[in-house]
Amino acid sequence: MSNTKQAPKVGFVSLGCPKNLVDSERILTQLRTEGYDVVPSYDDAELVVVNTCGFIDSAVQESLEAIGEALAENGKVIVTGCLGAKENQIREIHPKVLEITGPHAYEEVLGHVHKYVAKPTHNPFTSLVPAHGVKLTPRHYAYLKISEGCNHRCTFCIIPSMRGDLVSRPIGEVLAEAKRLKEAGVKEILVISQDTSAYGVDVKHRTGFYDGMPVKTSMVALCEELAKLDIWVRLHYVYPYPHVDDVIPLMRDGKVLPYLDIPLQHASPRILKLMKRPGTVERTLERIQKWREICPEITLRSTFIVGFPGETEEEFQMLLDFIDKAELDRVGCFKYSPVEGAKANELPDPVPEDVQEERFQRFMELQQQVSIRKLARKVGKEMTVLIDEVDEEGATGRSFADAPEIDGLVYLNGETDLKPGDLVKVRIDEADEYDLWASLIG
């Protein structure tokens, strides 16, 4: 008879954005390091941790439903994440939740787990936890979170109230993590935060150290260092500060991917002012033109809100005109939705839901035509593709122009001998409004 005691099982549910995913990875890594068996289900788990999202109402609802399901299936639930910042709201609906913490409260979550499920005395997983930690993404790409919180006070957003003001991670720590990811076989690093271009602002861009060398705590210096890893580096959530212009030459020179995820939100000066967002249409179009002159290959992704309180038909038309002129490559659009605690809720003249929907459809139809034009220009061109999946029908991957989950795909029909993480040269054969079809070269 074996005396080996089975490791205690902890169920884990991760909801929300990539930034929340990174928080989940950190908690999971520590749980595994301490000897807990983390399982993706409620079966036999001694308790369940739910990492929630609370950014928009639909995310709040999804989080509350996940908590309810975990309570029904297991009974012992610890809640963390963005919705955890609203403890009263959770307890009103789910009073039986054991403990609640806000976002990035790693030590508190672990302390709560220890309280209800004793830390194992023997850890069978010590040698199984990789140096780069537990990852929830495929092995060939990973998110690298460089900061927490945000100093902006956009009226439609409640992130600062949940995650606090900007706190930049030490640059040496960030670069050391990036190196571990590369050594683990990661081919693409996706740099994320609430506000990537503000990296280092809170510490006045002080000089840090990595490998004994001084490195400035700034987005540009970070990009220059990450480039030395010789893997794909993709920038997300880049607030349109003037110094973003300094990253474009690095893209031209192949140091980071020529891809910029830069949320612009609207084109009307009055609506932008109500949102507390920067920029004017003329200046933004000038910058886009300049970026394309410096780096003709650059892919621009952005997000916009239609139906913001007070938005007139004329102001919406300004947004459509901007979309037509800017010819952005990838665009996300959201209908304004009141978020509990957002300042924009107090603004007059809410836009009726049917008008929001009609504007959303017009916006997406126009952007679809822009996307069709842009992708059609890629037919016949050669490019490098990172393979994500392979099945009996062939391989699916992404070019530098496509971030995982949110952008388009490149299909390689019949190519069943490839494997995820392969970087291959292809020629583009066909395109539709979102995706490409290609053939291997050679």
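Every residue number used here counts from 1 along the chain in the order it is shown.
Placement of Cβ uses the backbone N, Cα and C atoms for every residue, glycine included.
Pulled from Swiss-Prot:
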DOMAIN    8-118  domain 'MTTase N-terminal'
BINDING   Cys17, Cys53, Cys82  [4Fe-4S] cluster 1 binding site
DOMAIN    136-373  domain 'Radical SAM core'
BINDING   Cys150, Cys154, Cys157  [4Fe-4S] cluster 2 binding site
DOMAIN    376-442  domain 'TRAM'
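Positions of the features from Swiss-Prot, shown on the structure.
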residue: Cys17; record: [4Fe-4S] cluster 1 binding site; DSSP (3 states): coil
residue: Cys53; record: [4Fe-4S] cluster 1 binding site; DSSP (3 states): coil
residue: Cys82; record: [4Fe-4S] cluster 1 binding site; DSSP (3 states): helix
residue: Cys150; record: [4Fe-4S] cluster 2 binding site; DSSP (3 states): coil
residue: Cys157; record: [4Fe-4S] cluster 2 binding site; DSSP (3 states): coil
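In the structure shown, across all protein chains, Cys82 is the one of the binding-site residues Cys17, Cys53, Cys82, Cys150, Cys154 with the greatest number of other Cβ atoms within 10 Å.
A straight line from the CA of Cys17 ([4Fe-4S] cluster 1 binding site) to the CA of Cys157 ([4Fe-4S] cluster 2 binding site) spans 15 Å. Listed in sequence order, Phe55, Cys150, Val339, Ala342 are the same-chain residues at least 6 apart in sequence whose CB falls under 8 Å from the CB of Cys157 ([4Fe-4S] cluster 2 binding site). Excluding the listed site residues Cys150, Cys154, Cys157, the same chain places His152, Arg153, Phe156, Ile158, Ile159, Pro160, Gln194 with Cβ atoms within 8 Å of the centre of the [4Fe-4S] cluster 2 site Cβ atoms. The two recorded residues Cys82 ([4Fe-4S] cluster 1 binding site) and Cys154 ([4Fe-4S] cluster 2 binding site) have their Cα atoms spaced 17 Å from each other. Separation of the C-alpha atoms of Cys154 ([4Fe-4S] cluster 2 binding site) and Cys53 ([4Fe-4S] cluster 1 binding site): 18 Å, rounded to the nearest whole number.
The [4Fe-4S] cluster 1 site, placed at the center of the C-beta atoms of Cys17, Cys53, Cys82, has further neighbours from the same chain whose C-beta lies within 8 angstroms: Leu15, Gly16, Lys19, Asn20, Thr52, Gly54, Phe55, Ala59, Gly81, Leu83, Pro103. Assigned with DSSP, the residues of the domain 'TRAM' (376-442) fall into helix, strand and coil as follows: 1 helix, 33 strand, 33 coil.
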